[in-house]
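Peer 1: Sending over a structure as C-alpha cells; questions will come in a sec.
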Amino acid sequence: LPLKSIVLVTGAAGQIAYSLLFSIAKGDVFGKDQPIILLLLDIAPMLPVLEGVVMELQDCALPLLREIVPTDKEEVAFKDLDAAILVGSMPRKEGMERKDLLKANVAIFKSQGTALEKYAKKTVKVLVVGNPANTNCLIAAKSAPSIPKENFSCLTRLDHNRARSQVAMRCGVPATHVRNVIIWGNHSSTQYPDVHHCLVNMSGSDLACFDAVKDDAWLKGDFISTVQQRGAAVIKARKLSSAMSAAKAICDHMRDIWSGTPEGEFISMGVYSSGNSYGVPDDLIYSFPVQIKDKTWKVVDGLAINDFSRSKMDATAAELIEERDTAVTFLGV
Ligand SMILES: NC(=O)c1ccc[n+]([C@@H]2O[C@H](COP(=O)([O-])OP(=O)(O)OC[C@H]3O[C@@H](n4cnc5c(N)ncnc54)[C@H](O)[C@@H]3O)[C@@H](O)[C@H]2O)c1
Ligand SMILES: *[C@@H]1O[C@H](CO)[C@@H](O)[C@H](O)[C@H]1NC(C)=O
Ligand SMILES: *[C@@H]1O[C@H](CO)[C@@H](O)[C@H](O)[C@H]1NC(C)=O
Ligand SMILES: *[C@@H]1O[C@H](CO)[C@@H](O)[C@H](O)[C@H]1NC(C)=O
C-alpha cells in the first residue's frame, strides 16, 4: 500500500459529494487503515461553498484523513492521483438543447482526461458519475491515451443496487441475499436490468430469481420499468436527486475495485467494450457483469442470453453509439 492514497472528488460542493466524502474519509472505500489525502475540485463560483464542506470534514476529526485540498484548478486537483471520482458535470438547464448539453460535457471531460494524462499516476482508477456518465467516461479515456482504458469505468452500481433491492423486497429477504443481477448498457431509461442469472437466498438455499419471485409478468414488466425510472421517481418525490443512494453506490463500486468482488458474485459497471463480449460493439463504455480481482476487472463470460434480453441489450447499445458519434465530433472543437 502507498503511504497515503490520493483521492480526487470533482463536483465536491454538490449534493452527491456531501453524502460521499464522509464515507471515503472514514475508510469505507480504501480500507480502514489507509490514510487519505482528499483533493476537492469544483468550479470557481462554488469555492465558498466548498470551504464549508472542508470545515465540516475537519470537524469530523477523522483519523485517516491527513490532508484536504479544495481547488478550482485542474493542475492541483489531478496531481499524483491514485483514484479519481468524477462527479461534477454540466447539468441540463431550462431550454438547453440536448446537443449543447453534450457539447459542454465533452469539453469538461476532454479537459479532465487531458489533466489525468498530464498529472495523475498511470495506475489511477477513474470512476465517472456525472451524466451522461458512459459517454463522459469514454471521452475522458480517449483524452488520456497513456492510461489504460481498463482503468476507466462509469457508475451503474446504483441501478444494480436498485434492482437488487426490488427483488429482495418482493421476496421478503435482505438485499444482500440477492446477488448477480445485471445492468446492461447505458445509465438511462434504456438500461436493461436483467435477472436471468440472479440468485435469491431464501430459507438457506439459492433459488433462481424467477423461481423465488414466482411472478414472471412482474419481472419482465414493472420490475424493469421501476428500476429504469427510479431516478426520476426519487426526484419527483424528494424534489432533489438521489444523492444518498448514489454516494453509497460510488463507495460500493470503488471499494470493489480496490478490494475485489466476493467469490462467486458479480456486479455491474460501465467499462470499455473491446467488442469481444456479448456482441456489444467496441469503443463504447457499456455496463456489463464483471468480477474484480487484484484491481483488475473481467467481464463475466458465457452467460446465456435469450431473445428478450438480446433486443434490450442491442437497444441500449444503439443509444450509446449515437451519443458517442455525436460526442466525438465535439472533440476537435
Ligand atoms: N451515474 C449515476 O448513477 C448517477 C446517479 C446520480 C447522479 N448522477 C449525476 O451526478 C452528477 C452530480 O450530481 P449532484 O446531485 O451531486 O449534482 P449537484 O448539482 O448537486 O453537484 C454538482 C457539482 O458539480 C460541480 N461542477 C460542475 N462542473 C464542474 C467541473 N467542470 N468541474 C468540477 N466541478 C464541476 C457543480 O458546481 C456542483 O457543485 C449529475 O450529473 C447527476 O446527473 C449520476
Ligand atoms: C445515456 O444515459 C445518460 C444518463 O442518464 C443520458 O443523459 C443520455 O441521454 C443517454 N443517452 C442517450 C443517447 O439517450
Ligand atoms: C443463505 O442465508 C443463510 C442465512 O439465512 C446463510 O446461513 C447461508 O450461508 C446463505 N447462503 C448463501 C449461499 O449465501
Ligand atoms: C490499471 O492499469 C494498471 C497498469 O497501469 C493495471 O495493472 C491495472 O490492473 C489496471 N486496473 C484496472 C481496474 O483495470
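Even glycines carry a Cβ here, placed using N, Cα and C.
Feature annotation from TrEMBL assigns domain 'Lactate/malate dehydrogenase N-terminal' to 7-152. Taken from TrEMBL, the feature NAD(+) binding site covers Asp42, Asn105, Val129, Gly130, Asn131. Among the features that TrEMBL reports, substrate binding site is placed at Arg92, Arg98, Asn131, Arg162. Feature annotation from TrEMBL assigns domain 'Lactate/malate dehydrogenase C-terminal' to 156-330. Annotation comment: TrEMBL describes His187 as active site, proton acceptor.
How about a rundown of where these features are and what they're close to?
Peer 2: Less than 8 angstroms from the CB of Asn105 (NAD(+) binding site) sit Ser89, Met90, Gly130, Asn131, Pro132, Thr135, Asn136, Ile139, each of them six or more residues away in the same chain.
Asn131 (NAD(+) binding site) carries neither a helix nor a strand DSSP state and counts as coil. Other Cβ atoms within 10 Å of the Cβ of Asn131 (NAD(+) binding site), summed over all protein chains shown, number 19.
His187 (active site, proton acceptor) carries neither a helix nor a strand DSSP state and counts as coil.
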Peer 1: On a count of neighbouring CB atoms within 10 A, which of the recorded positions Arg92, Arg98, Arg162, His187 is highest?
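Peer 2: Of Arg92, Arg98, Arg162, His187, the one with the most crowded Cβ is His187.
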Peer 1: In Å, how large is the greatest distance between any two Cα atoms among Asp42, Asn105, Val129, Gly130, Asn131, the listed binders of NAD(+)?
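Peer 2: The span, Cα to Cα at its widest, is 16 Å.
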Peer 1: Long-range neighbours only, meaning 6 or more apart in sequence with Cβ under 8 Å: which ones does Val129 (NAD(+) binding site) have?
Peer 2: Gly11, Ile16, Ile85, Leu86, Val87, Cys154, Leu155, Ala246, Ile250
Peer 1: Listed recorded positions are Arg92, Arg98, His187; which sit with C-beta under 6 angstroms of ligand 1?
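Peer 2: The qualifying recorded positions are His187.
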